[in-house]
Amino acid sequence: MRLESVAKFHSPKSPMMSDSPRATASDSLSGTDVMAAMGMAQSQAGFGMAAFCGKHELSQNDKQKAINYLMQFAHKVSGKYCGVAKLEGNTKAKVLQVLATFAYADYCRSAATPGARCRNCHGTGRAVDIAKTEQWGRVVEKECGRCKGVGYSRMPASAAYRAVTMLIPNLTQPTWSRTVKPLYDALVVQCHKEESIADNILNAVTR
């Protein structure tokens, strides 16, 4: 069972569910099976499960839990980023909270997010390769160059920058780009890493 099935479980079309064809109905996962598997996955990958469930609007509590997990991670690695490491305690905590909140919002974006769908590929992540289409005489697709194949635009990092400057008024754009934005980007990446870990654990416990 993969994480995507967890989202489907919360709006089921039937009381039984399965990721793949099964020999018999008894091999499918019941609601009790799914809840037990989710509990096991949460105990081993709490960050990833909270991030995913919050992303899919399954729980407002999970959204806040995911941001809290992300803040803990940010505190842990903040010493590597001089623009954050040198900040005073209270200011640093507030900046990390802002970065974690915006990074999680970026992670949550998808082609279904209002206004985020790529205008070039309309959310498919694929675009027509005009040169090869003309060369081969048939439609040839390639990764959409505008969205890099994801089907949607990322949240502009400038939004996080503006929020951080409310706490650090003298933070210039170049300094942000060199010393703070790398941490913001790392937080977004960490969300995806934690989701992948949770997905693998959930798959393992439901085999």
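Including glycine, each Cβ sits where the backbone N, Cα and C put it.
Swiss-Prot annotations:
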REGION    1-28  region 'Disordered'
SITE      Thr101  site 'Interaction with host rpoB'
BINDING   Cys118, Cys121, Cys144, Cys147  Zn(2+) binding site
ZN_FING   118-147  zinc finger
SITE      Glu134  site 'Interaction with host RNA polymerase sigma factor RPOD'
SITE      Ala160  site 'Interaction with host rpoB'
SITE      Thr165  site 'Interaction with host rpoB'
DNA_BIND  171-192  DNA-binding region
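Known features from Swiss-Prot, placed on the structure.
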residue : record                                                        : Cβ contacts under 8 Å, 6 or more apart
Thr101  : site 'Interaction with host rpoB'                             : Ile67
Cys121  : Zn(2+) binding site                                           : Ala127, Cys144, Arg146, Cys147, Gly151
Glu134  : site 'Interaction with host RNA polymerase sigma factor RPOD' : none
Ala160  : site 'Interaction with host rpoB'                             : Val98, Leu99, Phe102, Ala103, Lys181, Tyr184
Thr165  : site 'Interaction with host rpoB'                             : Leu171, Trp176
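Helix, strand and coil content of the zinc finger (118-147), in residues and according to DSSP, is 7 helix, 6 strand, 17 coil. The DNA-binding region (171-192) scores a mean pLDDT of 97 in the predicted structure. Around Cys147 (Zn(2+) binding site), a 10 Å sphere centred on its CB holds 22 further CB atoms from the protein chains shown.
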